[in-house]
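These come from TrEMBL:
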TRANSMEM  21-38  transmembrane segment
TRANSMEM  44-63  transmembrane segment
TRANSMEM  84-103  transmembrane segment
TRANSMEM  115-135  transmembrane segment
TRANSMEM  147-172  transmembrane segment
TRANSMEM  184-206  transmembrane segment
TRANSMEM  227-246  transmembrane segment
TRANSMEM  297-316  transmembrane segment
TRANSMEM  322-345  transmembrane segment
TRANSMEM  374-392  transmembrane segment
TRANSMEM  404-429  transmembrane segment
Amino acid sequence: MAEANARLSFRERLCFGAGDFVGNMLFGISGSYLIYFYTTIERIPAASVALLMLVARIFDSLADPAVGLMIDRQTLFGGRLRPYIKWFAFPFVLSTFLCFVPLPVGGGVRLAWAYGTYLLCGITFSLVINPYGVLPNVMTDRPADRLSLATFRMFGAMLGISLVGATALPAVHLLGHGDDERGFVRFMALVCAIGGVLLMAPYFGCRERLPLQREHHRLRTALVGLLRNRAWVIATIVLSTFYLNLTAFYGLALYYAQAVLGMPAEFGGVLIAGMGFGKMVGTLCSPALTRRVGPRAAIALPYLASIAGLVAFLGIGRHPAALLACFATVCFFEGLTLPVMYMLVADSIDFGARELGLKAAGLAYSINNFVGKVAWAIGGALSAGILAWGGYDPAAAQQTLLARHFIIFGFLGVPLIVALASAAIVTLYPSSRS
């Protein structure tokens, strides 16, 4: 018990944060550039990509409850969590790389390859991210350290996003020597090789101090128990709606830059980098804000501030520096909320154990991740669908007014709606836990 109460070292927190650095770097690339790769480079119709994003993501999200049950029942590795990262990290980075490997065949086979590789990427990601997400519950039982772990996790995640946004397209152009298809393959080979090495940091650098309680609950019983856990339900909803926001920014930034602003697609990458930087700074400031106003307000107030920023962004016009500064500020406010969301998820699992007699940490986190993936699927499909419904034409020199309006709604309107809804929903989190 003394070891469980010991403060976590900086090195251990840094190693934990490296996990989401890689996860968001790779998933960030698939979220922000895969739609672009499919529609603009591979010329797969936007409507087909929309269906792909929805169907594949929903199917692979079904792996999350299965992984959660494996964790709770301690099916693999004697109940330890870190070996999942050790054995499934390489399949994850390999499948991510394969998403960007084109086949020299016709459209039907190429689309089938896109389905298969994207589905495999999601399943292997589940086998890594679910055990990784439960790690804070076995590393420490100190609330302050859990908030610190969430902060390091989100700092790593946003750093990964920043690097992706700042380097992806320039690196693709450089490595491809004018052939973006070849450039994406070479860029992804480099990124996945680095990511595979860094993903080992949580395995080697983190310690599991607390025993993971073995659960032999039936799935239906556990699900009913989780749904009775109001804290977990609210935390899951708020975190999951965040993915709708993220997919809008990721998936449409390049199109907003080109079609709406009339700038090169690279400026969309700059906006993604600004998003990562703003959220990275926000995560660092989050603990101080949370201590001052409490978790509920630390989510609601920044979201309300981000709404004002989104409205301001729309009215700036075509001034790159002002656009970047405003967008980074919006994302700073959103970054303030991220560590708090993950802290509430971990806290709500313990809340269920105390108040309802059901912990089921693996299943609780995996269902949380499942709902998040469904939200990610809906967001990705919505982004691609917005392009199709607006009549986006990748070969057109200038998009129609309807297409531009659809892109504006997807890039700014969807995040605004998410921010307003999340600020309202988080107020329902049990006040005794706020």
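Cβ atoms are placed via backbone N, Cα and C, with glycine included.
Automatic prediction, not curation, is the source of TrEMBL annotations.
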Highest Cβ pair tally under 8 Å against the transmembrane segment (44-63), stretches 227-246, 374-392, 404-429, lands on 374-392
Selected stretch (most C-beta pairs under 8 A with the transmembrane segment (184-206)) from 21-38, 115-135, 147-172, 297-316, 374-392: 21-38
Are the transmembrane segment (115-135) and the transmembrane segment (21-38) close enough to be called in contact, which here means at least 3 C-beta pairs under 8 A that are separated by 6 or more residues? yes
Positions on the same chain near the transmembrane segment (322-345), where near means CB under 8 A and six or more residues out: 133, 143, 146-147, 150-151, 153-154, 157-158, 231-232, 234-236, 238-239, 242, 245, 249, 261, 270-271, 274-283, 285-287, 289-290, 295, 298-299, 302-303, 305-306, 309-310, 312-313, 316, 365, 368, 419, 422, 429, 433
Contact call for the transmembrane segment (374-392) against the transmembrane segment (147-172), three or more Cβ pairs under 8 Å: no
For the transmembrane segment (227-246), which stretch among 21-38, 147-172, 404-429 has the most Cβ pairs under 8 A? 404-429
